[in-house]
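See below for the structure under consideration.
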Amino acid sequence: MTRFLPDPPASSDVMLPSLLILGMALPMLLLYAVAALGPLLVHDLAIAPATLGYLTLNAFAVAAVLSLRAGVLLDRLGPRSTLCLLFASVALMFALMAVLPGFCSLLPVAALAGLAQALANPVTNQLIAQRVRLSQQAFMVGLKQSGVQLAALFAGLVLPGCARLVGWRGAFLLMAALAAWLVCCAWRLPALPLAIARPLPPAAMNRPLALLMAIQCCVGMVLSSFVLFLPLHAVGLGLSATSAGGMVALFGAMGMLSRLVLTPLGARLAEEALLLAGLLLVSALSIALSLRADAGSPGLLWLAVAGVGLSAVATNALAMGMLVRDSRFGALAHASGRVSAAFFTGMALGPVCSGLLIRHRGDPGQAGWGLLLVLLLATGLSLWLVRARGRPALAPGVDDADPDQS
């Protein structure tokens, strides 16, 4: 891959921003759908609450493995075809989950979400690098990363109501239809008439990239565990399933806001890693607040949800913005894949580790102690990243994938 021109032509269309947002939202919808519909799934499938973690484990474990090769696949297929593959895998996953019986039959199907998750960051980062002006890239990164929280907002507000009308399987069929329609929309994305360049090999691992990967692994553990067991914790405190879904929606809304505001802010700072450390510390304080919540003070849990949404959620967008703007992390598609692999490794491990802690303690809320320790570790790693990057000078160039001629 070659370095792209600093100012690619900007698109006046709403298609590209919409596809970027939904390209991040749909792959992550499985996590938030399982969280929002968790009480229904536990009852209908006759499983223990902690078992839900194995459903997301399959998806994120596959995502972690495939993310390491996502950059190579993106180089070969091009952004447009890769985006179509992303939406097609989500459509197939939700369609199969809607018709297959039993919890065990759902486990291998969840791996399809892993393919989509592995492709999401590399392909959307590449589209931004190719098709968005340099001056607008920071905002666009925050906008597309907010799609993940749009999925949480949608799952919390819409899916419980859909499930009451048509059941959770019917709600999954609706998600499959939406993803299938997006395959057609992605194929209509105009191809760029640019000369094909020889792809660059993946860059060697370097300290800033390794630290960013470790930080994102910690963040993934916290976010997946917190969101997955949040509704069960809320119901355990005496709140209704609707209120529990509202917490997931609040988490999504706060996450969207933080990513839209903090990603451009981070781009204007001399060192984004300092902001990263500050946000992780705020998230740790929010988790500590959730540990104080009980049946007599459920408001503390609402505050904790808002705090985590406003802080930890934004860190993934900041990390992707750093990759887009700073060439020292390595070739964009491959660096994005590696950071995504680390993030999804954390997403896979988080619910399982928290599930074991819940089984030992007997209370979903007690998983917060483990999350608190992980966040403090991530804060320390962020401060190390500040030192590892050394100087704040950012290289604005980014590498492009093979232009999409499909």
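From the backbone N, Cα and C atoms, a Cβ is placed for every residue, glycine too.
A TrEMBL annotation is a machine prediction, not a hand-curated record.
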Of 111-129, 244-262, which span is tagged transmembrane segment by TrEMBL? 244-262
For the transmembrane segment (366-386) and the transmembrane segment (244-262), check the count of CB pairs under 8 Å (sequence separation 6 or more) and say whether it reaches 3 or more. no
Count the Cβ pairs between the transmembrane segment (339-360) and the transmembrane segment (82-100) that lie under 8 angstroms and are 6 or more residues apart in sequence, then report whether there are at least 3. no
What parts of the chain pack near the transmembrane segment (244-262), using Cβ distances under 8 Å and only residues at least 6 beyond its ends? 32, 35-36, 39, 139, 142-143, 145-146, 148-157, 159-160, 227, 230-232, 234-235, 275, 279, 301-302, 305-306, 308-311, 313-314, 317-318
Most Cβ pairs under 8 Å with the transmembrane segment (20-41), selected from 47-70, 209-232, 274-293: 209-232
